[in-house]
Amino acid sequence: MASKESKPSRTTRRGMEPPLRETWNQVLQELVKRQQQEEEEQQGLVSGLQASKADQIYTGNSGDRSTGGIGGKTKKKRGWYKWLRKLRAREKNIPSQFYPDMESNMVGMENLTLETQLEDNALYNPATYIGDMAMDGREWMEWRESAQKEKRKGGLSGQRTNAYPGK
């Protein structure tokens, strides 16, 4: 305990010295000037009713689309302006190959053709199926039933019967 009390609680260095009188006077003068300027500005505001710059009636170009008043996000960054600008930028950036001139040759575009087996398939020929639209219901049910029966053989259905031995 005695050793702790002998040491000062806080050491001071040269950098921590209080400011000289001259510099302190300068600080005070700047403070007074700043306060006077603020008072003059407040009196100079429209009709003298507003207390600060942020409350001004006329804030320069706030009616313009680009700004939303003092300290706010620009309107360009808000909502649908942002979306619209992105959309326009996208349209400008679409390369010309995506707007091909239909009368000229489309360079780089290959003719897409179906394989011959697919072309011969009746599904791809709409004329063959126009009169024969409805499939026979019994045929469909038989096909469906066989698929259902196959499913019933395995899976959870066997487990369910063993889960409740009393029933």
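Backbone N, Cα and C atoms are what each Cβ position is placed from, and that goes for glycine too.
Residue ranges 106-115, 116-125 are listed, and Swiss-Prot annotates 106-115 among them as motif 'Nuclear export signal'. Looking at 75-92, 129-146, the range annotated in Swiss-Prot as motif 'Nuclear localization signal and RNA-binding (RRE)' turns out to be 75-92.
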